[in-house]
Each structure stands twice: as structure tokens, then as C-alpha cells.
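Trainee: Under the heading transmembrane segment, TrEMBL lists 26-48, 60-85, 106-127, 133-152, 173-191, 197-216, 248-268, 280-299, 311-340, 352-371, 383-400, 406-425.
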């Protein structure tokens, strides 16, 4: 491939020196906070898996799969445009504030539309799983109170990352996870009703608002109330939206297809099991956080093609080593993993390995998509993402029994593999089109 042919001529020593002298401090900062975050997040997840009634945990799985869909739909390619523009104007305070104002204007309106459609989908799944109309209404209102502060927080954090202000972004994440764990433990120990879907949803709402208010307070210096909507930025962002909204719609569904299929064809027990197994994907988030918080923004600021390729290859090599080790441990010692979930999940060793295979592929795809998005590299995505994924899903539906947990996980592996190939193809085209520029000042 084009990318890998060029690695022979890469300035490895130069890149290594830059890496150790410029990125080391930032990476250690992110790693430190991410280790803390993963300990907190994993502890929270295991507490919920062990102590929530299985029926409530199934509802919890459905609700937060809907939230994941909303996160994707509220973006719909807008943040690709934001990163592409922001990577060029992040040092100009006036232009950057105008870009933030324009992004907020568009994303809030897109989120409202997305919320209507996901609420309809969520209502149908929740009712099918036995929730009453009143319960379903309360759940949807709860999601509304989670999603809108998350939308504001997400693009504000992205703006801070582009400006290399990593500290406050990490603090906001620790604040969310830490306050959520503290409140969950408080509910579990102090109240007789314990951990129900209602108490967990209420705790999550409080934690999201606390972290969102914190990040908005810490981003005052980049937000200007007098900043005006920029018609050029608006036009560019809408162009990315038009190119990507249908892919985002499809991808949001595809990403939650396991929950959707088990919600329609499987049992409440299946939903709880896939939700419990998915907790182990938290082991991948440290590496993805490095890509999202440090390497991705640096890749976006980078203009020298040789350096871009070096960064890209380092990311791929790191992901391959990390996921390979994780899969080996899961294959050799599955019961060590399953023990933390409790006795009711001990029979899922095969499913554990399958879900980690799918998550490994998804990690690689997400990291490459993240790098591509900072450059606006979407050559094949607008035209080919939906047709190629539809073909892969159709083949998977013919090959696997989608009423079983194993069949649904296998289908998700096929879908993740398809996206990985597509995003790699986008990268190849992007590197071919990248011109040689002056030495990068962003690394």
C-alpha cells in the first residue's frame, strides 16, 4: 500500500525526538487521568452489573445505546468540518470564536431533529422489553437531560483540544466519572431501594450537568458572546453535514445493531449479557483517548506529509500490539475476566472473546476515522459507506443466527471490519492528495 511503502523513507529518528520531547508531557498527563478514569469507570460498571436487577440492567443497556446513537447523529459530519477548519484558525481568537458560535448554532438544531427520531426508535424497543408508557416517557425525558449538555460539552472540549488545552478536558472527564461513582455508591449504601434504573439515570443526569458546567466555565476565554455566525464557516459545515448525515444515520444504527436485534429477537437476559460483556471494552479507551486528545489534534495541525505518515504508522503499530495482547489474555484466561461480572455471566467465555475481537477492530477503525476527520479525508465515505455496510450486514444476516448472542456479536464483527477497510481507503487517498508543506508547527 502507498502509506506503508513510504515508511521506509520516514525520518524515524527525527519523529522519535519530537515525540519524546514534545508529546511526552502531554501523553503522561492524559495517561495519568485515563488510568484514573478507567479505574473509576470499570468500578462503576462492575458495581452496576453485579448489583442492578438483570431486567433493570437490560433497560440501562437500551437507554445508553440510544444515547450513543444520539451522540453520532448530533454530529453527522459537523465535527469533521469543525476540525478541518479549526486546525487552520485555532490561533486566531476572533475566527475561532466565530467558528464555535457557528458550530453551536448548527449542532443544537441537528440534535433536536435527531432526538425526535431516536425517541421513536427507543420507545418501540423499551415497550417491547416490557416498559410501561409512563416508564418509557420518564426514560426519554431523562435522555433529553443527558444529551443536550453532552452536545455543548463535546464540541467545547474539541475546541480546547485543538488549542492543546488538555488539562481541563481531563478534569471534566474525571469530574463526570468520579461524581457518578460517588453518587452511585451513596445510593447503594444509604437507600433501601438500591441501584435501580431510575436511581442510576438520575445520578447520570447530575454528573453530566456538573461536568458540562465545569467545561463551559473553563472555556470562557475561547467563547465570545459577541461573536457572529460566519456564513463561510456555516456553508462549509453544512457541506460536511450534507455529505455525512445519511452515513451518520446508518452508522448510528449499525453501531447499536446488537442491542436493536436482541431487543427485537432476543431476550431480556441476552440484552443484559451483551451489556455486561461490553464493559470490558473499557480497556481500549485509554489508547483511543490518546488518539482523540493528543495525536488526532496534532495530526490535524500537521502539514508535512512525511510527519503525518509517521504519526499514522505509530498509531497503527500501537493498536496492533495492544489489542493482540488483550486478545491473547482473554483467550488463555477467560474466567479471570468473567469472574468480575458475577456468577450469572460465567458461561460466556466464547462470547467474551468474540466481543473483544469486534472491539479490537472497532478501536482500529475509530482511531483511523479520528485521524481522517482532522484532515477532512472522507473520499469514499459519502458514496460507499452505506452500500458496502448493507452488503456486509446482509451477508451476516444470512450466515448467523441473529436471535442468539453469538450470532449478533459475529454480525457486529463483520460490520466493524467493513468500516476499517473503508477508513483505510480514505487514508490512502488522503495521503496521496496531501502536498509537501513547510515544517509543521503543531507537533
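Note that Cβ sites are derived from N, Cα and C of the backbone, with glycine treated the same way.
Given the structure is predicted, the values throughout are model-derived calculations rather than measurements.
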Trainee: To the transmembrane segment (311-340), which of 173-191, 280-299, 352-371 is linked by the most Cβ pairs under 8 Å?
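Mentor: Per the Cβ count, the answer is 352-371.
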Trainee: Thinking of Cβ pairs under 8 Å, which stretch from 60-85, 173-191, 352-371 has the most of them with the transmembrane segment (280-299)?
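Mentor: Top-ranked stretch among 60-85, 173-191, 352-371: 352-371.
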Trainee: Excluding the flanking five residues on each side, which residues at least 6 beyond the ends of the transmembrane segment (352-371) place their CB within less than 8 Å of a CB in that stretch?
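Mentor: Sequence-remote neighbours of the transmembrane segment (352-371) are 274, 277-278, 280-281, 284, 287-288, 291-292, 295-296, 299, 311-312, 315-316, 319-320, 323, 326-327, 330-331, 334, 337-338, 406, 409-410, 412-413, 416-417, 419-420, 423-424, 426-427.
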Trainee: Checking distant contacts: for the transmembrane segment (383-400), what same-chain residues at least six beyond its ends satisfy Cβ-Cβ under 8 A?
Mentor: 246-247, 250-251, 254, 257, 406-408, 410-411, 414-415, 417-419, 422
Trainee: Sequence-remote contacts (6 or more beyond its ends) of the transmembrane segment (133-152), Cβ cut-off under 8 Å?
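Mentor: Here the qualifying positions are 59, 63, 66-67, 70-71, 74, 104, 107-108, 111, 115, 119, 122-123, 126-127, 197-198, 201-202, 204-205, 208-209, 212-213, 216.
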